[in-house]
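The domain 'Cation/H+ exchanger transmembrane' annotation in TrEMBL covers 34-445. For 27-46, 58-75, 81-102, 109-132, 221-243, 264-289, 309-329, 350-368, 388-408, 420-440, the entry in TrEMBL reads transmembrane segment.
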Amino acid sequence: MAIHLAMLMSKLPKLQNLSASDHSSVVSLNLFVALLCACIVIGHLLEENRWMNESITALLIGVCTGIVILLISRGKSSHLLVFSEDLFFIYLLPPIIFNAGFQVKKKQFFVNFITIVMFGAIGTLVSCSIIALGATQIFKKLDIGSMDIGDYLAIGAIFAATDSVCTLQVLNQDETPLLYSLVFGEGVVNDATSVVLFNAIQSFDLTHIDSRIALQFMGNFFYLFFASTMLGVVTGLLSAFIIKKLYFGRHSTDREVALMMLMAYLSYILAELFYLSGILTVFFCGIVMSHYTWHNVTESSRVTTKHAFATLSFVCELFIFLYVGMDALDIEKWRFVSDSPGTSVAVSSILLSLVMLGRAAFVFPLSFLSNLSKKNQSEKISFQQQVIIWWAGLMRGAVSIALAYNQFTRSGHTHLRANAIMITSTISVVLVSTVVFGLMTKPLIRLLLPHSKPTTSTTSIMSESTSPKSVIVPLLGQDSEADLSGHEVRRPASIRDLLTTPTHTVHRYWRKFDNAFMRPVFGGRGFVPFVPGSPTERNNTQWQ
């Protein structure tokens with residue numbers, strides 16, 4: 001008995017330490033949630049401000065909170081939670097990207113799909129090459145420490161990744177639909193490309209680069225892009241088929257809402273399981289779900305899912321920017337560069353300049369090439385729009401920080417001066433680019449595009465109640481209803497006409513294929529079989 005008592009007494013201090021650790025975690029979470037609430041309240045009060053938005057507000061609140069914690073802890077710590085790339089990529093990013101796909105205006109996105117892929121894929125490769133080459137030539141002269149070819153290429157991939165999350169805050173889908181679809185669509189493809197590039201740089205042997213490795217790298221990229229897209233499409237179609245056939249709304253709307261949410265997240269996790277791009281997968285899953293699955297659920301579930309996805313995305317966005325702002329003052333990393341602050345400032349300035357140069361090197365040339373293929377003047381990207389596309393894509397965010405932590409730290413810690421300089425420089429570039437470029441984007445749009453106004457048409461009002469933002473628009477454009485009613489539609493008179501207006505032809509054939517084969521199997525607006533009490537009961541007569 002005495003022995004057991006002695007053992008219990010010896011373990012008591014450990015239990016007390018564990019209890020104290022748990023209590024400090026609870027205190028940290030309480031403060032963090034309170035800060036999130038403060039971000040929402042302050043963001044609401046600044047809603048009409050032409051400069052501020054909620055992402056910048058959350059970032060600045062995070063920095064200010066970090067300063068307060070740094071002072072209270074006497075320089076020992078600056079954050080409530082430690083930045084974790086797993087937390088970012090597995091839990092915070094998927095809801096944001098899915099909701100963007102779920103509510104994106106698909107007409108604008110798919111009409112400009114080729115341009116978006118050019119900007120997102122080719123543009124990222126150009127930007128990565130320029131940043132990596134510039135860093136290789138300049139950093140060696142600054143004597144920041146030992147870095148190899150893999151580190152320089154990783155720097156290119158890290159700073160080629162735009163911040164698609166902040167784009168959601170600074171651009172308005174209704175006021176500037178073309179700019180929104182181009183910049184945000186490019187951002188999604190860009191993030192996916194940057195992550196694929198980064199993983200390839202880490203996995204390939206870069207000491208012996210030859211044509212075989214280059215071809216293998218390109219083949220791997222196209223495989224990842226195609227396979228990730230198809231996985232998202234298949235998962236979205238599977239959710240639509242299951243909900244349409246079983247019709248959970250007969251018994252419980254909670255089940256169909258839960259199934260939609262879980263299958264959306266499943267698409268991302270499956271992509272990570274098969275080493276694909278989860279960003280692309282969950283984005284296209286969101287597009288497919290909005291076109292088919294969303295129309296197969298009950299009316300109440302439509303409203304619930306629309307607002308649930310938007311709310312999750314909104315909270316995750318605030319969480320990320322608050323998280324990044326607080327982590328920006330991590331004293332462990334800044335201690336390494338305290339003896340040479342000039343070097344850290346120089347590295348940050350050089351990286352920011354290379355980011356601006358790398359983006360300009362592809363935005364303007366690729367916009368010129370895109371305009372060559374468009375005969376209609378209204379479809380071309382004007383020079384003013386090109387400047388906004390260049391400017392809005394200069395912001396760097398949590399993707400860059402997560403990749404930098406992956407490359408230059410081990411379990412969030414670093415003991416090398418060169419690695420610490422790269423982490424602090426990445427944080428500096430993210431803060432400066434988000435605050436400066438983010439603050440100036442709205443005024444720049446008003447200056448260059450003074451006639452951009454929000455649309456308040458009857459269609460947009462209807463879409464509020466009948467679709468997730470723009471689901472009322474068909475998947476590949478809004479052709480006339482002549483296709484559905486059987487009237488004759490003007491066909492291209494020559495090969496030249498076909499080449500100059502290919503999108504309308506593709507849209508028309510897609511609509512026919514969708515109506516004849518896809519909707520009868522997977523459901524969707526107006527094509528779900530009549531079931532008493534089903535979500536299409538009231539609208540069924542208009543399609544007969």
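A Cβ is built for glycine as well, from the same backbone N, Cα and C atoms used for every other residue.
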Looking at the stretches 81-102, 350-368, 388-408, 420-440, which one shares the most CB pairs under 8 Å with the transmembrane segment (309-329)? 81-102
Stretch among 58-75, 81-102, 221-243, 264-289, 420-440 sharing the most Cβ pairs under 8 Å with the transmembrane segment (27-46): 58-75
Report, as numbers and ranges, which residues of the same chain sit near the transmembrane segment (350-368): CB under 8 Å and 6 or more residues beyond its ends. 115, 118-119, 122-123, 126-131, 134-135, 138-139, 155, 159-160, 381, 386, 389-390, 393-394, 396, 425-426, 429, 432-433
Close approaches to the transmembrane segment (81-102) from elsewhere in its chain (Cβ under 8 angstroms; 6 or more beyond its ends): 28, 32, 164-165, 168, 184, 188, 264-265, 268-269, 272, 278-279, 282-287, 289-290, 294, 309-310, 312-313, 316-317, 319-320, 323-324, 326-327, 330, 398-399, 401-403, 405-406, 412, 468
Thinking of Cβ pairs under 8 Å, which stretch from 58-75, 221-243, 264-289 has the most of them with the transmembrane segment (420-440)? 58-75
So what's near the transmembrane segment (264-289) in sequence-distant terms, Cβ-Cβ under 8 Å and 6+ beyond its ends? 89-90, 93-94, 97-104, 106, 109, 188-189, 191-192, 195-196, 199, 224-225, 227-229, 231-233, 235-237, 239-240, 309, 475
